[in-house]
Amino acid sequence: MRNMKNYQIDPRYKVSNREALIGIGLAIINFVWWYGFAYGLGGQPVEEYQFIFGLPAWFFYSCVLGFLVMSAVVFVVVRLFFTEVPFESEGMEEDQ
Amino acid sequence: MNLGVTIPLLIFLGALFLFGFYATKFLKQGPNFLQEYFLGGRNLGGLVLAMTMVATYGSASSFIGGPGIAYNMGLGWVLLSMAQVVTGYFTLSVLGKKFAITARKINAVTLNDFLRERYKSKWVVILSSLCIVIFLFASMTAQWIGGGRLLESFMGVSYQTALFIFTISVLAFVVMGGFRAVAITDTILGFIMLMGTIIILVGTIIAGGGVTNIVNDLAAENPNLITPFGADGSLTALYVSSFWIIVGVGVVGLPQIAVRAMSYKNSKAMHTAMIIGTFVTGAIMLGMHLTGVFARAVLPGIEVGDTVMPQLTLTILPSWLAGIVLAAPIAAVISTVNSLLLLISSSLVKDIYINYINNEASERFVKNISLSVTALIGILVYLASIHPPDLLIWLNLFAFGGLEAAFIWPIVLGLYWRRGNAYGALGSMIVGVGSYILLDRFHPDLWGMHTVVVPVFLSLIVYVAVSLLTSKKNIIQQEQIIKKFWYV
């Protein structure tokens, strides 16, 4: 592209692009877990259902455990892989 | 009038409003009225950010409509509702830092500020404002009706009276407080929603004699209630999965959510918000919808889905506790409409009036007109809600889909794809909304998926194709945009 020689891509975008991809990755894991348990176990005839804490196993794994697992995964991923960057262009401004 | 429920409820809401005013008054005032009123001065911390997103998103349908359908459909509808857990982390991680950084570069306060700078096109802004005003008006009316119905059934007054009380309290609050008051009370409302969810779920399990008992009762009535396929077997895997678009990842395209993704203080706030938001959204959605299903074993034979939750609460809980639990859906409705109201008035005042009609208006004049427009829209919604249509969840979902089809690609690709241009954005909005309305009228749930899926894909294709075809137009302007947005 012309006239761009003196400029460089905002380095913070490297971080934001990576985190957007992580978000998509999390959503895919979330979907696979949710779908796999729900229709894998829930697709059997009702007479063959197993129960955990009184709930059908498909529901327990897909919705209850799946929700808890996703909360934990988000916690870990955000803590480990999300980087703090300043938002103001001039660098981190003091918050008064 | 049911005083045992009404009095705790009113005390609760009154205390909440007082707190909102108090907090607003003693917090730092931003230098600029517009930024302060519509965006809270970009100062939200992690907890407030998470809660305002959850509370804005969680609405009457999460507390009344959704559990009502779950009551009739069984666990399959709870499964469907769990697609919403994704909204807790997805929106912030996808829009996240890029949106926050960009918004500061161009000093954007509203979604339209972003679109205007990114596409440099009057038509994109006008079309987007139109979509916001029309669709959010529809969705606000649905919420308003929900609020009126709730007050009606709890307080035992007529629907008209309830609607009037609701309108006055919302308006007083939004007009006086602005975005910051909305965000702060959203935080408290979010906690009320979470607490109410837990209380009602536990109460229902106790009333039904334990989970095992309840599930056995349900299976004895109709085994389909405990399968993922719905009471009548109509919930196919494809149909349920397609809700991942409408109530899951597509939420990125909702203006009332997107505007929150530029209102926070720093990276840390965003990180905290993702963690809290995921957990709270999941807990509320799982708890409320599961309660809806369990209610079937406790209170069988309720005809109108929307009345399941109010009846259940009033039956199984002591009245003082019922008052607090019933504050949850009212909290959800108020926190949703206050955000929508602000968004509509910001579109009209800031994006249309100041940008294109009178850009030299004085601060004082802008302030007066913002407050009057907010109040006027509130009154219009009130008038529209007097003769309400029946099932509010679908009305609400219609507005959801329309906004998503219009905005998802102009926002997401506008942020991440530098070749996207005004023609692509315009085409994608027109095709997205147009095909959504046509499909909804003539061919709902095309190919067994929720109606929104096909329009979202069509608008993606149009955005990319038109942007590429028109890449030779306005080359200089496009380079300036790219320089401003991507380079330092």
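Backbone N, Cα and C atoms are what each Cβ position is placed from, and that goes for glycine too.
Over in TrEMBL, the protein carries these features:
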- B:44-64: transmembrane segment (TRANSMEM)
- B:76-95: transmembrane segment (TRANSMEM)
- B:123-145: transmembrane segment (TRANSMEM)
- B:157-179: transmembrane segment (TRANSMEM)
- B:191-215: transmembrane segment (TRANSMEM)
- B:235-254: transmembrane segment (TRANSMEM)
- B:275-299: transmembrane segment (TRANSMEM)
- B:319-344: transmembrane segment (TRANSMEM)
- B:365-385: transmembrane segment (TRANSMEM)
- B:391-415: transmembrane segment (TRANSMEM)
- B:422-439: transmembrane segment (TRANSMEM)
- B:451-470: transmembrane segment (TRANSMEM)
Check: In the same chain, which residue numbers or ranges, 6 or more beyond the ends of the transmembrane segment (B:191-215), come under 8 angstroms Cβ to Cβ?
Finding: 12, 16, 51, 54-55, 58, 63, 226, 280, 283-284, 287-288, 290-291, 294-295, 297-298, 309, 312-313, 315-317, 321, 324-329, 331-332
Next item on the list: With Cβ distances under 8 Å as the criterion, find the stretch in B:44-64, B:123-145, B:365-385, B:422-439 that has the most pairs with the transmembrane segment (B:157-179).
Entry: B:365-385
Check: In terms of Cβ proximity under 8 Å, which residues at least six beyond the ends of the transmembrane segment (B:422-439) contact it?
Finding: 115, 119-121, 123-124, 127-128, 131, 401-402, 405-410, 413-414, 446, 451-452, 454-456, 458-460, 462-470, 473-474
Next item on the list: For the transmembrane segment (B:44-64) and the transmembrane segment (B:275-299), decide whether they are in contact, meaning at least 3 CB pairs lie under 8 A, counting pairs 6 or more apart in sequence.
Entry: yes
Margin query: Below 8 Å between Cβ atoms, which of the listed ranges B:76-95, B:275-299, B:365-385 makes the most pairs with the transmembrane segment (B:123-145)?
Written below: B:365-385
Next item on the list: Give residue numbers and ranges for long-range contacts of the transmembrane segment (B:365-385): same chain, 6 or more residues beyond its ends, CB-CB under 8 A.
Entry: 33-34, 37-38, 137, 140-141, 144-145, 148, 163-164, 167, 170-171, 174-175, 337, 341-342, 344-346, 348-350, 353-354
